[in-house]
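Asks: Take a look at this one; I'll ask things after.
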Amino acid sequence: MQTVIQNPNWWRRRNKLEKSLLVSLGIMFVVLATGFGLWIGKVLRTSPPSNPQATALHGDSTTINQVPTGTASKGKSGDSGDVCLTQECIHTASTVLRKMKPEVEPCDNFYEFACGTYLEEENIPDDKVSISTFSVISDKLQEQLKDIITAERPETEPKHFRLPNLLYKACMNKTLIETLGPEPITRVAERLGGWPLIKGDSWNADDSWTWQEQVKKFRTAGFSMDYIIDFSIGVDLQNSTKRLIDLDQSSLALSREYLVKGFNETLVTAYYKYMVDIAVLFGANRDLAKTELLLSLEFEMALANISWPNEKRRNSSELYNLRTPAQLQAAYPYVQWVDYMNALLPEGLNVAEDEMINLSVPSFFEDLGKLLAKTPKRVIANYMFWRIHGFSVGFLSEEFRKRQLQYATALSGRQEQEARWKECVDIATSSMDEVCEDDFDSLGISVGSLYVGKHFHKDSKANALEMVNEIRNVFNDILDEVNWMDAKTKKEAKLKLHSMATHIGYPDEMLDNEKLAAYYAKLDIDPDKYFESFLGMNIFGTDYSFNKLRLPVNKTDWVRHARPAIVNAFYSSLENSIQFPAGILQGHFFNAQRPKYMNFGAIGYVIGHEITHGFDDQGRQFDVKGNLRDWWHPDTQKAYLAKAKCIIEQYGNYTERATGLNLNGINTQGENIADNGGVKESYIAYRRWAEKHGPEAKLPGLDYTPEQMFWVAAGQTWCAKYRKESLKMRITTGVHSPSEFRVLGSLSNMKDFAKDFHCPEGSPMNPVQKCEVW
């Protein structure tokens, strides 16, 4: 249930639309107050293009699961007398109407129909690269987190609740940050051997420098270890109860998709200019910086060119290549592997002779040896030190941050830096993915504990779990109905489906002070040392992750699911689990006090999406226990791949107008399969709920059937506006289709959508040829 802050002065908090709808009571077509009246009058005078009679549903009595209405249900959802006039229904109607453009024919472009006014009237703030249904909730959540973090916490309070406050204060101390200038990073860099570009000819005078030793020093100091070789502790894909060392291709500062194009790509040019300008701010000679950093950039381009593209990394079996230390040494002798790995592991952990190490992309390591052999040490060192200096810029004084903003503008279109308090809230609550495993969330666990205690209603867990079970049952029945699966594969799919663990809201352990105290025992933050404290957090997180190497994987570990204050949802192939944090169980996505068609169209869609991820092109590679295993009969797999190919080609043929770019059907196929399956499953689940509980009332001012409103809620889930630069990046590097195509692609494949809106066969939203995986 959405958190509602009680306020006796309720009327003053209503907007004009809500006041008008309330005063009008049962009147479906209302006239709003000045400023909004003409627009809404137009909306309310415009009948939907088709107004079919809804299917009669069983039962007309109000149950505890139904929203109370202003009039008794007559048992026919198309009856305009059934209107919900509660406070929450009026607010919901207002929100829906502000986004819709009902004069658009839904069978032509449902995204414009559901989100057209939102797209025309909403403006992207200068400090953002996009706005969306998600960002509205995230902004509200950010303000709630600010209140939590800025609250005074005396020394008597547990340390784990004071740590976020200390980091926030360090971040907000702009006076000290400006006074220090570049000193925080230059002091550390000098201790690490110095940036050759800055040190000049005195660098490496004894010719003893090696990139391996530099990586070890970076690890000790709290920087990333992944600039040459990505080193992490992961889960054994074929035995997900064990952990192992995972070696992968290097982490790049600019996406591979851009770097491989060289200077033909404008963003590569922007990146190069940024490198040079930042180096000059640190004291480098500009001409020398241009020369030396060009060589370093060419080295990074070479790293990109020997790396695998995302399209090739979707097959997990291709990324699973176990080697012993001896095999590594024989194949890639340019690194003393045992010494290298031991130096990166925490004290007390050492690589055994029979240790099985996963080499994600063997061809990368073969090519890397050749690249390193022909690249001068100074070029490699300049590149590595550029990376840590580039990482540090956001923690430094304003002259550095202004140049960073210019680069961000080229990259994503952002026009201004966000308010300092927003940045500091994010720093104090978010994980650093660059150096920490996914199950480490810096101070987000501490802040999340305070957040759920103050803002999350426990009833929301039960409501969401009920929907999960209903939608899971629908997927089970879909498996029964598909005619392209053999019986054995279908049985395994059902077993995987019903074994899928569900994590909703937050783990109870988050509220246990003893567990929190133990988790944060080794972490300290100095409010007068912002950058150093952040590096300390990185060391803490890396040690936490690496110390798990010899420990069995606990798939229900509370720490892995202790990220409640985010607006997102997750599926884990290795856990075979779905997760819905507290942050998404509110706002557009869920409210127990509004009609169910709105909840099924929003959070129900998300639930179905995450369940379906277990059976998308990547999730299907893992079995019921989360192990990488081929459990598909060859004929069934062939049929699946043909269906997935239809999705790939459908989305790959979409062209985004603003950028002129075609979508990447391969990289987005997993999300697209999940969208298509998720909305179908949730729709069927809603129809079953309605058959059991009877018809639901309409929302005031919205003369649509409950089924049509389900689709409106689903479409408005993806209302979003992007800056052109951000959209280009999303299409080029992302796994999600732009919002417009998430709606058009999935709903145009739905026969029920076409039926509910009476779309003629062959219309844009009811093509003759449809794609369907599940």
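Heads up, the Cβ atoms here are built off N, Cα and C, so glycines get one too.
Look at Swiss-Prot and you will find 42-774 tagged as topological domain 'Extracellular', backed by a curator's inference. What Swiss-Prot records for 50-79 is region 'Disordered'. Positions annotated as compositional bias 'Polar residues' by Swiss-Prot: 60-74. According to Swiss-Prot, the feature disulfide bond maps to CYS84-CYS89, CYS107-CYS759, CYS115-CYS719, CYS171-CYS424, CYS646-CYS771, an assignment based on sequence analysis. Sequence annotations record features per position, and here Swiss-Prot assigns N-linked glycosylation site to ASN173, ASN239, ASN264, ASN305, ASN315, ASN358, ASN554, ASN653.
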Asks: Just going by other Cβ atoms within 10 Å, which of the disulfide-bonded residues CYS107, CYS115 has the emptiest spot?
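Replies: Each of the disulfide-bonded residues CYS107, CYS115 was scored; lowest Cβ tally within 10 Å is CYS107.
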Asks: Which of the recorded positions CYS107, ASN173, ASN239, ASN358 has its Cα closest in space to the Cα of ASN554 (N-linked glycosylation site)?
Replies: ASN239
Asks: Spatially, and counting Cα to Cα, which of the recorded positions is closest to ASN173 (N-linked glycosylation site)? Options: CYS107, ASN264, ASN358.
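Replies: Considering only the listed recorded positions, the nearest one is ASN264.
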Asks: Quiz question: given the disulfide-bonded residues CYS84, CYS89, CYS646, CYS759, CYS771, which has the greatest number of C-beta atoms lying within 10 angstroms of its own C-beta?
Replies: CYS89
Asks: Using a 10 Å cut-off on Cβ-Cβ distances across all protein chains shown, tell me which of the glycosylation sites (ASN173, ASN264, ASN315, ASN358, ASN653) has the largest neighbour count.
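Replies: Ranked by Cβ atoms within 10 Å, first place goes to ASN358.
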Asks: Are there any residues at least 6 positions away along the chain from ASN305 (N-linked glycosylation site) with a Cβ closer than 8 Å to its Cβ? List them or say none.
Replies: LEU259, VAL260
Asks: Taking only same-chain residues 6+ apart in sequence, whose CB is under 8 Å from that of CYS171 (disulfide bond), what do you get?
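Replies: Within the chain, CYS171 (disulfide bond) has Cβ neighbours under 8 Å at ARG420, GLU423, CYS424, ILE427, ALA428, TYR530.
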Asks: Could you say whether, by DSSP, ASN358 (N-linked glycosylation site) belongs to a helix, a strand or a coil region?
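Replies: It is in a strand.
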Asks: Sort the recorded positions CYS115, ASN239, ASN264, ASN653, CYS759 by C-alpha distance from ASN358 (N-linked glycosylation site) and give me just the closest.
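Replies: Spatially nearest to ASN358 (N-linked glycosylation site) by Cα position is ASN239.
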Asks: Could you tell me the mean pLDDT the prediction assigns to the topological domain 'Extracellular' (42-774)?
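Replies: For the topological domain 'Extracellular' (42-774), the model's average pLDDT rounds to 92.
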Asks: What number of additional C-beta atoms lies within 10 angstroms of the C-beta atom of CYS424 (disulfide bond)?
Replies: 23
Asks: By a simple count of other Cβ atoms within 10 Å, which of ASN239, ASN554, the glycosylation sites in the record, is least packed?
Replies: ASN554
